[in-house]
Amino acid sequence: MSVVGLDVGSQSCYIAVARAGGIETIANEFSDRCTPSVISFGPKNRTIGVAAKNQQITHANNTVSSFKRFHGRAFNDPFIQKEKENLSYDLVPMKNGGVGIKVMYMDEDHLFSVEQITAMLLTKLKETAENNLKKPVTDCVISVPSFFTDAERRSVLDAAQIVGLNCLRLMNDMTAVALNYGIYKQDLPNADEKPRVVVFVDMGHSSFQVSACAFNKGKLKVLGTAFDPFLGGKNFDEKLVEHFCAEFKTKYKLDAKSKIRALLRLHQECEKLKKLMSSNSTDLPLNIECFMNDKDVSAKMNRSQFEELCAELLQKIEVPLHLLMEQTHLKTEEVSAIEIVGGATRIPAVKERIARFFGKDVSTTLNADEAVARGCALQCAILSPAFKVREFSVTDAVPFPISLVWNHDSEETEGVHEVFSRNHAAPFSKVLTFLRRGPFELEAFYSDPQAVPYPEAKIGRFVVQNVSAQKDGEKSKVKVKVRVNTHGIFTISTASMVEKVPTEEEDGSSVEADMECPNQKPAESSDVDKNIQQDNSEAGTQPQVQTDGQQTSQSPPSPELTSEENKIPDADKANEKKVDQPPEAKKPKIKVVNVELPVEANLVWQLGRDLLNMYIETEGKMIMQDKLEKERNDAKNAVEECVYEFRDKLCGPYEKFICEQEHEKFLRLLTETEDWLYEEGEDQAKQAYIDKLEELMKMGTPVKVRFQEAEERPRVLEELGQRLQHYAKIAADFRGKDEKYNHIDESEMKKVEKSVNEVMEWMNNVMNAQAKRSLHQDPVVRTHEISAKVKELNNVCEPVVTQPKPKIESPKLERTPNGPNMDKKEDLEGKSNLGADAPHQNGECHPNEKGSVSMDLD
């Protein structure tokens, strides 16, 4: 089972995997651990990652990048309309009102949703992980910004489903960083001690996030998060682009914004310049050849000028930091360390601002680029049964307060309740109790819309169905469990109606406790149970809110036992004590049964099942097309490689191994094949290239084989000759009565002599015949045949010549009744054969003699 963590960023992606040796960040086919978040569409296939980024300037209209922030947003979203102006590709509205990306693919116009585009990127990451792990990848943990809303998170999960990934958890970036930091720390305070507070700061390509986390041994708790979704390294690049656009317009009379290719080149050069200024404070040049209208442009900038240009952006850094400290009620002296990650934190001015705010140096112990991916892989390993990981619980925080609104039975007034406050622990469940006579609706929304970087405050509308009054006409008690799950998504997980069923108590039967239905999952108990009851014009309509406890993957749920109906009447207790007494007359009893209720969810953003299946099918077809195109290109490259290889070697090492007539014919075929490749063979089916390759190999393989045989033949013949000499010498020694071989039977040795003579005769005949052959003719014998002869000779001779001499048994020792052993004369020979000294008797020990057991002392 694979364990993979995916950091899917706006600009680039990182893949971390868990192995026996720990967590490792893996490289792609270009030996680069960073995979650009870029997809390029061509007439035959898609290009994803590094290869797509290389085509970004030449195929700007069909190359898609910076699409992460489009998840879960409508086309008329103000953010989408603003970003649309800066993109090289077209954004158009989808039928469902979402964002569509229009590109030319397979020589046709195609419209892809953001989920499909992200699925394409995930396909590439999945393929890279599978190539590295050598096994299929299904389970994973994917990172998302902590400020992603419910709709955006659902959109990312849909993208993972399209590509067949089972996302075990959508993990907030900062929580992943905190896990990567804390799980390796051995000096964390104990659970009963004051926790260590660490602030994590992440400035990536497009956003700025901060979080405060409390660490104890074996656990971390996110105290709070703050962010600026529109402040990142991209904004610093844009400041440089704006500056140089104005300079080039004045200096060279060139408007870089009028041509998208020129603007993209300027963006790339400005990003390089920004990185250089992080390590150099001197003036640095910016040179672009043939920028526009065949004109070269040049400019320069230093770090101080850059910081002055970006002063407005640098001031924004402190805003989320102030907000975080206010929300968590922390003081700067309570913060033990400040860990920074993200590519943009390498800018010296950014580091300086953060350090100045906290009054202490920032720490860079984590890998700024890979920390998120490594944290995701650790979380995946914790959730996976295939890995045993040190016990470490993770408690996240809800970034935005969530409220519920509902209509009363009278439909005159509305009830509102905030079920999850800002920075509330997550994952978490709560049980709300309603008194209703019929179905009712609940609407979830974000309580503070101004703090949410998303235009829609509504999360969704949930209809609790099949609710009915009790048989006596009273309102039914409906329990609704609301939950923020491991993905950070709000949902109504279950709803049940408490139904009172009158029954008769049978003789001798024990009284049933009014518990939940056994086939219903028990609710989870909390550390603190609280009941919130507010005054309302209609009695009994305000729900009773029961905190149902935090659910994490590390802590299993425990049964809920707080219901009033669970109390056993005193009369029933008396009956339990009087089991042996004769039964009384039957009396009515009220049995409480929990009935599961269906909940219909109407969410702000969720792909329908039919649409999702269509996207899955489309992605499968594109994957197959990419595979076929790769195989076609591989076949074409094989033909081209074959042409160059044989043409080069026919005038070199292969020249002696082909006759002049065949040489000219083969060269002519190679030239014709090369011309065909660059003309009508430029775009042919895979089979056409396979046929061409077979035609070339039909003429080239015999030449290649003759060359290889000529190279290998002397070596194997020499090996055969050495074995023949070896066995011939042993046979001669045997005939000369050598003591080493006097134990071998003569009939056995005759077999050796016969085999040696036969093989020697065969070798002489072969060598004589081969000497008469020219090099351009096929050899008389192949090297594998000679190797077979060597093996055959060894099989016959080796068992005979390696026969061991029979062992000479040592004579028995004669013992006297009370004296030492008396050895026979032959005992000396026995000792020499055994190679061991006789043991001392009667505990006698002599100095300067070695013991029987040697010990090496360190």
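Cβ from N, Cα, C; glycine included.
According to DSSP, SER2 (N-acetylserine) sits in a coil region rather than a helix or strand. Feature annotation from Swiss-Prot assigns N-acetylserine to SER2.
LYS471 (N6-acetyllysine) has a Cβ environment of 10 other Cβ atoms inside 10 Å. Marked as N6-acetyllysine by Swiss-Prot: LYS471.
Per Swiss-Prot, region 'Disordered' is recorded for 500-585 (among others).
Here Swiss-Prot flags 504-515 as compositional bias 'Acidic residues'.
As annotated by Swiss-Prot, phosphoserine applies to SER509 (among others).
Summarising the annotation, Swiss-Prot assigns phosphoserine to SER510 (among others).
For 533-555, the entry in Swiss-Prot reads compositional bias 'Polar residues'.
Among the features that Swiss-Prot reports, phosphoserine is placed at SER558 (among others), with the record citing a large-scale study or a structure entry.
Here Swiss-Prot flags THR562 (among others) as phosphothreonine.
The feature compositional bias 'Basic and acidic residues' is assigned by Swiss-Prot to 564-585 (among others).
The region 'Disordered' annotation in Swiss-Prot covers 801-858 (among others).
Under the heading compositional bias 'Basic and acidic residues', Swiss-Prot lists 806-815 (among others).
Under the heading phosphoserine, Swiss-Prot lists SER810 (among others), citing a large-scale study or a structure entry as support.
Annotation comment: Swiss-Prot describes THR816 (among others) as phosphothreonine.
Here the Cβ of SER2 (N-acetylserine) has 21 other Cβ atoms within 10 Å, regardless of which shown protein chain they belong to. Between the alpha carbons (Cα) of SER2 (N-acetylserine) and LYS471 (N6-acetyllysine) lies a span of roughly 54 Å.
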